[in-house]
Amino acid sequence: MSIVQRVCKALERIAPLRLAEKWDNVGLLLEAPQQRANANRVLLTIDLTPAVLVEALSTPTAFIVAYHPTIFKPFSSLTLSNPLQASLLRCAAAGISVYVPHTALDSVTGGINDWLCLGLNNQIAPPQDNIRFIGEADKDGMGGLGRVITFPEPISMSELQRRIKAHLNVQHIQVAYTPLRDPNVVRSVAVCAGSGGSVLLGVDADLYFTGEMVHHEVLEAVASGHNVALCGHTNTERGYLRVLAQKLLPELSADASPSERSLEVHVSKADEHPLRIV
């Protein structure tokens, strides 16, 4: 079995593509015509940036799992003048394939949104009846667009802010407080990784926790009685790559025959949030 087949099958078991949003573009988005020689590394990243490409080319990387879609809108051409297209062309030329899980990994049970809930609950897995899906669950009950976590006892905004920063390994987050709720009494949090405004608005929860919302979405949330915590789009996603690496490695081994080379899974060192607080 080829490396491409092994990785695709393993990722499908971890985050079935049927759970992805209809508007999304997920799965194997670039299949290199030839497999890179003497390469056995699967590189996990949020975005396929030029820096990540350099990292992949300078290491024995055979396959890139990029969380965000590397191809979203149709191309009318493929040229080196476009940075993203250039990265894809160079991957294909080098024998590196690219797979995107995106919203399938958000939605699946045990995926990114559940990982965010784990941080809110101070690294203690909450009971299943304390978490409900936002949006319709899969027919097998495997996922939904976001989550609402309910705490057995109220928690203060200040404590939740501490937990969020510790879990995401960030020093600063943005918060908005509604005058309609006591900031020392938070019983429920609605969670959506990445950009969560369209998912969270209208959901019944004391706090909306996501990466980013546009200005008027924040105003609407606060006016309708919801606190808001924004952490930076990819800051709500990047920490999960370590979890994905732990899930992926045994799945890759399960598909390997005795004669097939073992694969390594690495989290990109070059992948980072594009913005700095100065």
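For all residues, glycine too, the Cβ spot is worked out from N, Cα and C.
Nobody curates TrEMBL annotations by hand; they come from automatic prediction.
Under the heading divalent metal cation binding site, TrEMBL lists His68, Asp106, His233, Glu237.
In sequence order, Ile112, Asn113, Gly143, Leu145, Gly146, Cys192, Ala193, Gly194 are the residues of the chain that are 6 or more apart from Asp106 (divalent metal cation binding site) and have a CB within less than 8 Å of its CB. If you take the C-beta of His68 (divalent metal cation binding site) and look for same-chain residues 6 or more apart in sequence within under 8 angstroms, you find Ile46, Asp47, Leu48, Val100, His102. Other than the site residues His68, Asp106, His233, Glu237, same-chain residues with C-beta atoms no more than 8 angstroms from the centre of those residues' C-beta atoms, the divalent metal cation site, are Ile46, Tyr67, His102, Ile112, Ala193, Gly194, Ser195, Gly211, Thr234, Thr236. In sequence order, Gly194, Ser195, Gly211, Glu212, His273 are the residues near His233 (divalent metal cation binding site), counting only same-chain partners six or more apart with C-beta under 8 A.
Neighbour list (Glu237 (divalent metal cation binding site), Cβ cut-off 8 Å, at least 6 residues apart, same chain): Ile46, Tyr67, Ile112, Ala193, Gly194, Gly211.
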